[in-house]
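These notes are about the structure you will find just below.
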Amino acid sequence: MTIRTEHEIHQRRFGRNLGLGLTLVAFVALVFGLTVVKVTNGDPMRGLMPAHAPAAAPEGQGGNG
Amino acid sequence: MSDIHANGDVIGAQTGEAGFGDYVALLKPRVMSLVVFTAMVGLLVAPVSVHPFVTFTCVLFIALGGGASGALNMWWDADIDQVMRRTKGRPIPAGRIQRGEALGLGLALSGLSVIMLALAANILAGALLAFTIFFYVVIYSIWLKRSTPQNIVIGGAAGAFPPMIGWVCATGSISVEAVLMFLLIFMWTPPHFWALALFMNSDYEKAGVPMLTVTHGKRVTRNHVLAYTIALVPFALAAGFTSIGGPVYLAVSVLLNAGFLWGAWRIWTRNEITAEADGYATEKAVFKFSLLYLFLHFTAFLVEAALKSYGLGGW
């Protein structure tokens, strides 16, 4: 008689753990994505600027000229 | 089969070891699909453009809030679900998930979805989602569902909030458009569910749920279907004259309302003898049409919004 340790219940448990793991990874990715969008306000370059730097002035109005 | 397998089977049945899909089923994915669609429309037709990722996040957490209230509903209604044919295969009555687990999952997801929606959109949107969950679970499931035949009328508000929340996510405020989208679903819910109750009566009766068909009989329910369908029409048409409406919406709405009124009229003219003779064919057809009615109304809102981006649509 063969004793099998891998029962259907273990498979179900593994599936549940895998699902939960993937859900958590997706949640982390979602929060990261949302943070990027909020911080950069839709402009990817703005996120790279220091917080105290002034926003880029519109063309023709900025600088000392 | 070995003893270990046999024991394992027994243990599996006793503990009700649930799979991941059982927890997903607790969130009522089919109801969530309607929430996703209407919330998305509410967000997309708003006059304020929202970053696509924020739109996605908002719709996801509105849907999750809806799912959380579904889990809390299953926690509270486990005894009813066990009796009704339509619901006895759900995870709790089937013994795969404990009631306490559904309560825990529902509460946790409620908190998560409300906080995340408030962070992703604004506080008002989060507060509205929290109120929706409270309304569905406490006002509808715990209080009204078992105490009054008007349960569907007031409880329908819970299902009507998602497009309003979507609108608030984009604009940060409630306006006449959001209210009319709310009223469209709110007024649509009673005739939709009563048409269903007309041919599902035995199930509600068995579970002791005071549906109108159980407490007042089918004749009164038929009267109510017609009356509430007539009451629905002005709200559906009125939305066509706001900033989210236009000629396309109005044309679609006139046709759909004419169809729904015709269906409600046919239900009203029938009696139990004619209905039982053809297996409730008209009632079933009107129930199916009511689903199409709501779907096409919200699709028409989307079409108007899409046309506006090309300089067309609207008034």
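Backbone N, Cα and C define each Cβ position, glycine as well.
Model, not experiment: these values are computed from the prediction.
According to TrEMBL, the transmembrane segment annotation covers B:31-48, B:54-76, B:97-117, B:123-144, B:151-174, B:180-204, B:225-242, B:248-268, B:289-307.
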Does the transmembrane segment (B:180-204) come near the transmembrane segment (B:123-144), with 3+ Cβ pairs under 8 Å (pairs 6 or more apart)?
no
Tally Cβ pairs under 8 Å between the transmembrane segment (B:248-268) and each listed stretch (B:54-76, B:123-144, B:225-242, B:289-307), then give the stretch with the top tally.
B:225-242
Under a Cβ pair cut-off of under 8 Å, which of the recorded stretches B:31-48, B:54-76, B:225-242, B:289-307 contacts the transmembrane segment (B:123-144) most often?
B:54-76
Is the transmembrane segment (B:31-48) close to the transmembrane segment (B:54-76), in the sense of at least 3 CB pairs under 8 angstroms with a sequence gap of 6 or more?
yes
